[in-house]
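Over in Swiss-Prot, the protein carries these features:
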BINDING   300, 360  heme binding site
TRANSMEM  37-57  transmembrane segment
TRANSMEM  121-141  transmembrane segment
TRANSMEM  152-172  transmembrane segment
TRANSMEM  186-206  transmembrane segment
TRANSMEM  229-249  transmembrane segment
TRANSMEM  298-318  transmembrane segment
TRANSMEM  332-352  transmembrane segment
TRANSMEM  354-374  transmembrane segment
């Protein structure tokens, strides 16, 4: 009986080949879903950013209270004839803003503010429609990457909540003798818009690379830079809230000087609340401070200084990374912060002229996204190559 010769290296040379690692579910993408979902998210990102800008213009033109009803579906159709315009104008005439601020307004003037508010709401409907069509389309076609439907569903849920908060905010300006919405409700509304925009941006960044690429990149995660961007996100979010409080009571127009505030560092009466005794233990006093122009404007300036100072310090650390893309992200962020300082000062000195004020708000959106971009690259660095010249 012949004896079969065996190689002493048989286990290594002739054994079963190890399976080749496969990409994750999002890599397979079920027919390119990853790319499609990313494009869909980018469309939503542009729409939400436009929504924030239009919302700012609606506020700056005092148009937000021109529509006194909340009709999510039927409100999509504007007045189409003279009778409908007259009926709509009559509803506005019952509002405190008309009686106390716009008495005698002409139909043409009313139509001008009406179209701003209608456009703002209509854009919200478009965002909801784009989200619903995209989400249901990917879901029904079974092209939704495994594990992604909850986070994409969350965008729609938050969008619906945002619509309700928008009406809750508007309703506050239709009561009593108010001629504007409550600044605290405006702050909630704007803050949620930034949260939604940030969620969309983060998911789109994740979809820019495969799961395998993200897994490899995560091995070189730069924890210190990631922690620094976390601090920046917290401070930037606080600054957004404070900016909304300033805008809600037009606090920027009362102190058109810089770096001082009408000749002093601490504005006069910044701790004064009408009708409430100054008492650190009194919640009414604390809430009243949010309606004090000097107090909220001072905090907004200080938070801005803190954000820029931290951003520039963290930029120094970001420049030390070996990853070129990460260095570039911190460079862009530092430049945006400096530009935002200039816009902020310009907004103050112009007493919040709408052109400068809206540019300042757009700057806040840009900074928010750039922080998220730097954070993403700190968590998932893009590995450079000497051969490709990307190191």
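Cβ coordinates are placed from backbone N, Cα and C, and glycine is handled just like the others.
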Task: Contact set, same chain, for the transmembrane segment (121-141): CB under 8 Å, 6 or more residues outside the stretch - done: 33, 36-37, 40, 43-44, 47-48, 50-51, 54, 67, 72, 75-76, 149, 152-153, 155-156, 159-160, 162-163, 166
Task: Chain residues outside the transmembrane segment (354-374) and at least six past its termini with a C-beta under 8 angstroms from it - done: 49, 52-53, 56-57, 60-61, 194, 197-198, 201-202, 205, 225, 229, 232-233, 236, 239-240, 243, 247, 252, 318, 326, 329-330, 332-333, 336-337, 339-340, 343-344, 346-347
Open item on the list: For the transmembrane segment (152-172), give me same-chain residues lying six or more residues beyond its boundaries with a C-beta closer than 8 angstroms to one of its C-beta atoms, as numbers and ranges.
Closed with: 37, 44, 64-65, 67, 70, 72, 121, 124, 127-128, 131-132, 135, 138, 144, 178, 181-182, 185-186, 188-189, 192-193, 195-196, 199-200, 203
Task: Dominant neighbour of the transmembrane segment (186-206) in 37-57, 229-249, 332-352, by Cβ pairs under 8 Å - done: 37-57
TODO: Show which residues of the chain containing residue 300 (heme binding site), separated from it by at least 6 in sequence, have their CB under 8 Å from its CB.
DONE: 239, 242, 243, 245, 246, 251
Open item on the list: So if I exclude everything within five residues of the ends of the transmembrane segment (37-57), which remaining residues of that chain have a CB under 8 angstroms from its CBs? That is, six or more out.
Closed with: 116, 119-120, 123-124, 126-127, 130-131, 134, 138, 144-145, 148, 152, 155, 189-190, 193-194, 196-197, 200-201, 203-204, 207-208, 247, 354, 357-358, 361-362, 365
TODO: Please work out the number of neighbouring Cβ atoms within 10 Å of the Cβ of residue 360 (heme binding site), leaving out its own Cβ.
DONE: 22
Open item on the list: Helix, strand or coil for residue 360 (heme binding site)? Use DSSP.
Closed with: helix
